[in-house]
Ligand code: PEP
């Protein structure tokens with residue numbers, strides 16, 4: 001099955017009005033790509049970036065959302081607010097949210113449910129720590145993180161969920177999983193999904209994330225079960241990010 005590649009840039013808590021404007025200007029100079037290009041600015045810049053991307057082939061993502069629809073949740077941002085600003089994808093369960101802000105598997109699952117309820121596409125991040133990898137728990141962790149979501153929203157909802165396999169030891173460290181290592185896990189994730197639904201497993205877009213650079217992207221994208229990338233640091237440089245997008249075809 002042919003699955004469209006997705007190359008998504010997670011800008012994390014970086015940028016200013018000026019730098020965001022320069023970055024988007026740089027990306028808009030790129031010619032069309034067969035990959036779906038996605039950028040996830042910090043919340044305050046969503047409106048600015050949404051306006052700049054209007055009519056372009058690049059779509060907007062948010063880095064997080066509340067699991068609650070509205071009300072007395074100071075500091076939170078709802079999925080309907082994100083929808084208002086033209087957001088299409090929302091990250092859920094990024095490892096920084098899980099490890100630094102204590103988001104449990106159950107909380108992540110509720111966020112996925114809230115994102116789907118607004119007809120936005122969750123980008124569900126899963127992945128193991130270095131310790132878990134060393135103790136051979138990579139698949140156990142990925143399956144546990146997937147199970148929490150499958151149990152809450154059902155397997156069919158995965159037709160509208162993008163999975164990002166992001167080994168925690170590779171995020172922001174400069175140490176990417178090798179293409180073969182990543183392919184091995186992606187293949188296992190797809191096989192696991194097939195135990196619930198073969199068609200969902202074949203359709204699911206599974207992105208790799210963790211220190212992706214232009215130089216490593218070609219080998220990653222050549223793998224049969226790697227359907228694109230979630231890119232952090234390298235997405236803050238327009239030329240580098242464009243080179244990654246070009247590697248996706
Ligand atoms: C990320 O934040 O999802 C990520 C993969 O970061 P980096 O590319 O910087 O490792």
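Cβ atoms are placed via backbone N, Cα and C, with glycine included.
Summarising the annotation, TrEMBL assigns active site, electrophile to 94. The 10 Å shell around the Cβ of residue 94 (active site, electrophile) contains 27 further Cβ atoms across the protein chains shown.
All chains included, 28 other C-beta atoms sit within 10 angstroms of the C-beta of residue 166 (active site, proton acceptor). The active site, proton acceptor feature in TrEMBL is assigned to 166.
Around residue 11 (substrate binding site), a 10 Å sphere centred on its CB holds 22 further CB atoms from the protein chains shown. What TrEMBL lists as substrate binding site is 10, 11, 12, 172, 211, 232, 233.
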Listed in sequence order, residues not in 10, 11, 12, 172, 211, 232, 233 with Cβ within 8 Å of the centre of the substrate site Cβ atoms: 171, 231, 234, 235, 236
Neighbour-count leader, CB within 10 A, binding-site residues: 232, 233: 232
Where the C-beta lies under 6 angstroms from ligand 1, the matching binding-site residues among 10, 11, 233: 10, 233
Collapsed DSSP category at residue 10 (substrate binding site): strand
